[in-house]
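See below for the structure under consideration.
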Amino acid sequence: MATSLRRPSFSSRSSSSPDADDEGVRGTCEDASICKRFAVSIGYWHDPYIQHFVRLSKERKAPEINRGYFARVHGIRQLIKAFLQKTECQCQIINLGAGMDTAFWTLKDEGLLPRKYFEVDFPVIVTRKLHSIKFKSLLSKPILDLHSEETLQIDGQMLDSKRYAIIGADLRDLPELEEKLKKCNMNTQLPTLLMTECVLVYMTPEQSANLLKWAANNFETAMFINYEQVNMDDRFGQIMIENLRRRQCDLAGVETCKSLESQKERLLSNGWETASAVNMMELYSRLPRAEVSRLIFICRLSRQLF
């Protein structure tokens, strides 16, 4: 077999226009990304890549928001690393509704990449993310370095390489989702970690149930991480719902977010053998005391700076 010393190159094609009906939901991706970017900028956690995807907001974020996002990122990444260590990285990760997530790049830096890392989101979000990847070498170089083929094909809604793929697809259209993942060499025999962050709540209960069933039934060994709201019947939850509705963003799946028990039950009733859940206060209480002290110091410092 002959090999080439030429560096793989990107080959581009055009993209299509987005579906305006989901504009409100897509806007929540921007909101979450900006909050993460701000928290990183004042030292809550280290992420040298998010700045290349997300602008830095001039608006100061409240300490409660910063700490909440820290706990969210920390908790999910601890679970990801546990799965990778358990499988010795002989696995795949499928991030559903990935937005501007940077886990692929940070895992590569830590020597913890799975056999392949997949991201899926609305085509318009993928188009934006691919633009950043294509034109910023800090993002494209890690992908190209791992890619052994002569060229790497990229269009406005998909990139597929040896270790990383990003796909524009609607999670409510399971035949399309499965077809595109298989086109990018998804392997249903590999241990698979699927993850969603505030994604299922924007789908109807029937739509999210179908996605969970598909995930439970299509992989020989799988784990599902879902970060999502609970206690949506209390006053805080009602304010959240009202605020999102003013932005033409309806939480279509809010009835499944009543409690930790309802979150576990949706998994158990859709093909998953076991399920466990904790709220973010409990997760925060499990942080090492030294880490909590560091966060308190950052919080106090940020109040002085701003």
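Just so you know, glycine gets a Cβ as well, placed from its N, Cα and C.
Annotated features, as they stand in TrEMBL:
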REGION    1-27  region 'Disordered'
COMPBIAS  1-17  compositional bias 'Low complexity'
BINDING   ARG72, GLY97, ASP170, LEU171, GLU197  S-adenosyl-L-methionine binding site
For S-adenosyl-L-methionine, whose listed binding residues are ARG72, GLY97, ASP170, LEU171, GLU197, the greatest C-alpha pairwise distance in Å: 24
Least surrounded among the binding-site residues, given as ASP170, GLU197, when other CB atoms within 10 Å are counted: ASP170
Neighbourhood of GLY97 (S-adenosyl-L-methionine binding site) by C-beta distance under 8 A, where only residues 6 or more apart in the same chain count: CYS29, VAL120, ASP121, LEU171, THR196, GLU197, CYS198, VAL199
Same-chain residues at least 6 apart in sequence whose Cβ lies under 8 Å from ARG72 (S-adenosyl-L-methionine binding site): GLU197, TYR227, MET280
